[in-house]
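> Okay, handing you the structure first.
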Amino acid sequence: MIMREWCLRALVSIFEEHAYSNLYIQKHLHELSEQDRSLAVSIVYGTLQHQRYVRYQWAHMVQRSPKKQIALLLDMSIYQLLFLDALPDYAIIHEAVAIAARWDARAKGMVNGVLRRFQREGRRALPADEWQALAIETGLPDWLISMWKHQYGEACCRSLCHSLNDPHPQCVRVNRMRTTREALAESGAYTCGTLSADALYVKSGNAADTEAYHNGTISIQSEASQMVALWMEPKPGEHLLDVCSAPGSKACHMAEIMHDEGVILCGDIHPHRVELIRQGAKRLQLHCIEAKVMDATQLEGVTDAAFDGVLCDVPCSGYGVMGRKSDIRLRLSAEAMDTLIPLQQEILQCAAHKVRIGGRLVYSTCTLNRKENEKQAERFLQTHPSFCLEREQTFFPHVHGTDGFYIARFLRKA
Ligand SMILES: C[S@@+](CC[C@H](N)C(=O)[O-])C[C@H]1O[C@@H](n2cnc3c(N)ncnc32)[C@H](O)[C@@H]1O
């Protein structure tokens with residue numbers, strides 16, 4: 001398979017057939033030679049991340065929109081011309097024209113003309129309007145930028161949008177039951193994280209391919225996400241409930257902090273995802289985790305007021321993790337976000353019944369949206385006077401160097 005044609009097929013599947021990029025890549029990467037794989041992955045993810053910007057570079061050069069596949073071929077080629085030095089410009093253009101000839105022979109001349117004109121003229125200047133320019137440059141939709149500007153202020157919005165595209169090293173969590181992060185850092189493969197006491201940044205390669213991952217010494221987990229279990233402050237022997245648990249990263253982290261002593265009842269609505277919790281616990285040899293299919297808006301058969309701590313890591317719009325999960329950009333819609341809000345509140349209210357007096361309730365999302373975060377905490381407190389808010393925090397990529405995340409910790413007083 002010719003590498004750039006493989007990339008175009010991947011982009012067509014992701015953009016037009018709604019395939020998830022990571023799943024598509026996992027399934028099809030073997031079709032390429034080993035030496036082509038890493039460049040192919042960079043081309044696909046890079047085009048996905050910068051698509052709005054690269055399309056802006058050529059959209060004014062054509063009178064009629066080309067077929068979707070050809071438009072993606074132009075996006076992908078301009079992405080390479082702008083961001084990668086793997087091949088000289090003439091070779092990128094030559095390959096794009098050859099692919100166009102095979103996919104839609106009539107578009108061959110247009111592809112050649114557009115790419116040569118781009119090569120001559122260079123980058124197109126951004127619009128004069130600062131916010132429009134920011135949206136194009138960072139590849140974010142206008143409505144999301146307006147929402148952030150309104151919710152967090154102009155300066156925060158500006159830095160946030162820019163930082164979402166910054167590359168971050170892969171982050172792992174040390175299994176405290178096996179070793180210390182200092183010992184791992186001494187091995188030379190990692191540096192210590194700055195926010196979570198259990199975080200390490202991988203210096204090179206993919207942690208999932210290492211012995212430390214397979215033998216359960218480390219788990220792959222972003223640093224902000226690790227803060228959730230730390231905020232729960234689990235203690236050995238406690239009974240915890242994690243109502244939206246799959247794939248189980250936070251539950252396993254809590255179990256490690258508890259030295260695997262006590263019980264963590266983990267629920268998720270999707271049976272195949274409950275299996276992921278079991279697999280994760282097995283890899284880490286954790287026995288205190290009990291995973292079940294459960295609907296967090298019902299929690300049938302779960303005793304009221306029985307848990308020292310309850311975690312609601314609710315389904316959310318995911319705007320905080322767009323840097324790592326580029327597909328979220330394609331599925332962004334203000335309407336989709338609004339449907340999650342009642343579900344999140346219902347989960348939080350149902351879970352609250354399960355907290356014992358004196359126990360903790362932790363609510364978290366991997367999104368940056370006050371309606372899913374602070375507003376949910378406020379609404380919950382208005383209807384639940386027996387709880388108080390102990391602390392809440394939003395983690396921002398440009399401030400904390402992590403994914404965007406929100407955590408609130410409530411205490412049941414009576
Ligand atoms: C943000 S993810 C949880 C991540 C997980 N806590 C971890 O650390 O690995 C949200 C989860 O909520 C689950 N979910 C969605 N609706 C649910 C419901 N009504 N009841 C239980 N789980 C639900 C989804 O299947 C998804 O696995």
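Even glycines carry a Cβ here, placed using N, Cα and C.
Those TrEMBL annotations? Automatic predictions, nothing curated.
According to TrEMBL:
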type	residues	note
ACT_SITE	Cys366	active site, nucleophile
BINDING	Cys244, Ser245, Ala246, Pro247, Gly248, Ser249, Lys250, Asp268, Asp295, Asp313	S-adenosyl-L-methionine binding site
DOMAIN	144-414	domain 'SAM-dependent MTase RsmB/NOP-type'
> If I take the alpha carbons of Asp295 (S-adenosyl-L-methionine binding site) and Cys366 (active site, nucleophile), what is the distance between them in whole Å?
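So the Cα of Cys366 (active site, nucleophile) lies 20 Å away from that of Asp295 (S-adenosyl-L-methionine binding site).
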> Pop the Cα-Cα gap between Lys250 (S-adenosyl-L-methionine binding site) and Cys366 (active site, nucleophile) into the table, whole Å please.
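Between the Cα atoms of Cys366 (active site, nucleophile) and Lys250 (S-adenosyl-L-methionine binding site), the distance comes to 13 Å.
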> According to DSSP, does Lys250 (S-adenosyl-L-methionine binding site) fall in a helix, a strand, or coil?
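For Lys250 (S-adenosyl-L-methionine binding site) - judged by DSSP and reduced to three states - the answer is helix.
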> Along the domain 'SAM-dependent MTase RsmB/NOP-type' (144-414), what average pLDDT does this model show?
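So the average pLDDT across the domain 'SAM-dependent MTase RsmB/NOP-type' (144-414) works out to 95.
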> In Å, how large is the greatest distance between any two Cα atoms among Cys244, Ser245, Ala246, Pro247, Gly248, Ser249, Lys250, Asp268, Asp295, Asp313, the listed binders of S-adenosyl-L-methionine?
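If we measure all Cα pairs in Cys244, Ser245, Ala246, Pro247, Gly248, Ser249, Lys250, Asp268, Asp295, Asp313, the largest is 19 Å.
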> Within 10 Å of the Cβ of Lys250 (S-adenosyl-L-methionine binding site), how many other Cβ atoms are there?
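For Lys250 (S-adenosyl-L-methionine binding site), the 10 Å Cβ neighbour count is 25.
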> For the recorded positions listed here, Cys244, Ala246, Cys366, which shows the highest count of neighbouring CB atoms within 10 A?
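Buried the deepest by this measure is Cys366.
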> Fewest neighbouring Cβ atoms within 10 Å: which of the binding-site residues Gly248, Asp295?
Asp295
